[in-house]
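Undergrad: Reproduced below are the annotations present in Swiss-Prot:
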type	residues	note
BINDING	G29, P30, N31, G32, S33, G34, K35, S36	ATP binding site
DOMAIN	1-239	domain 'ABC transporter'
Amino acid sequence: MHINHISVGNRLLPLSFQCAAGEKVYVAGPNGSGKSTLLSAIAGTLSSREGVKGEVLINETSLLTLPLAEQAIYRAYLCQQSRPAFNVDVFQMLALSLPAGRHVVEPEVQAAVRRVVELVQLQDKLHRSVQALSGGEWQRVRLAAVCLQVWRSLNPYSQLLILDEPAAPLDVAQAKWLYQLIDEMAAQGLVVIVANHDLNRVYQHADKVLLLNQGVLTAYGSADEVMSVENLQQVFETPVKKVAVDGQPYLIFT
């Protein structure tokens, strides 16, 4: 996948990068750095009237030139937290999220739903109204739904999953399930782009890191390359240390 000279007015200055199938790309940066703007621009949810320029190429398909309904064949996008717009139970919500032409009675669909429900631990919530869920429960439903849209066995055209701060409403245990779900989607061959404010999670889970500051691409590459003490101190304007715990590197901000 190639992102070529994507920009959004003065909120996001032109930037380009590319990533391979199955890569997990984490977008990091301070509040207001342009993370959500970048993700929504890649997802095609911003119009040209909002100053969007550039292209997103997926296997030579120019994603942003397609109508939104056609874009949804190739990519799924989870924006930041929203409340349910209507009252259905969790199972119905998941059924509504299936790719066009797929039905819950199909064995392949049932297997995919079982797997994603297991990954985010929704087994006991399937017949509960979405209006009765806590914030963390609703976020897990949203995650399951967006993943079913591009679940590779149900949608062979799917290429890209975009998640904007998906861990924000989740507790520690639920966040663990989220990262397992992201690993599952990447293992299916999708590019997964995630905005995340937890820099230690970014460091531990990313194949590539894209570091933004004030709408400008500061660095792009492996976590070790991008998340250097020098880069992080420059962007976040706070002292940073790297320490090892049981052989695993961690960042400490002081």
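Backbone N, Cα and C atoms are what each Cβ position is placed from, and that goes for glycine too.
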Undergrad: Using all protein chains in view, find how many other C-beta atoms are within 10 Å of the C-beta of G29 (ATP binding site).
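TA: A count of 23.
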Undergrad: Among all protein chains shown, how many Cβ atoms are found within 10 Å of the Cβ of S33 (ATP binding site), not counting that one?
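TA: Result for S33 (ATP binding site): 23 neighbouring Cβ atoms inside 10 Å.
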Undergrad: If you count other Cβ atoms within 10 Å of each one's Cβ, which of the binding-site residues N31, S36 has the most?
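TA: Going through N31, S36 one by one, the largest Cβ count within 10 Å is at S36.
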Undergrad: Around G34 (ATP binding site), how many other C-beta atoms are within 10 angstroms of its C-beta?
TA: 24
Undergrad: What number of additional C-beta atoms lies within 10 angstroms of the C-beta atom of P30 (ATP binding site)?
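TA: P30 (ATP binding site) is surrounded by 15 other Cβ atoms within 10 Å.
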Undergrad: Excluding G29, P30, N31, G32, S33, G34, K35, S36, which residues of the same chain place their Cβ within 8 Å of the centroid of the Cβ atoms of the recorded ATP site?
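TA: These residues sit around the ATP site: T37, L212, N213.
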Undergrad: Quick one: give me the count of other CB atoms within 10 A of the CB of K35 (ATP binding site).
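TA: The answer is 23 other Cβ atoms.
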Undergrad: Suppose you look only at the domain 'ABC transporter' (1-239); what would the mean pLDDT be?
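TA: Averaging the confidence scores along the domain 'ABC transporter' (1-239) gives 95.
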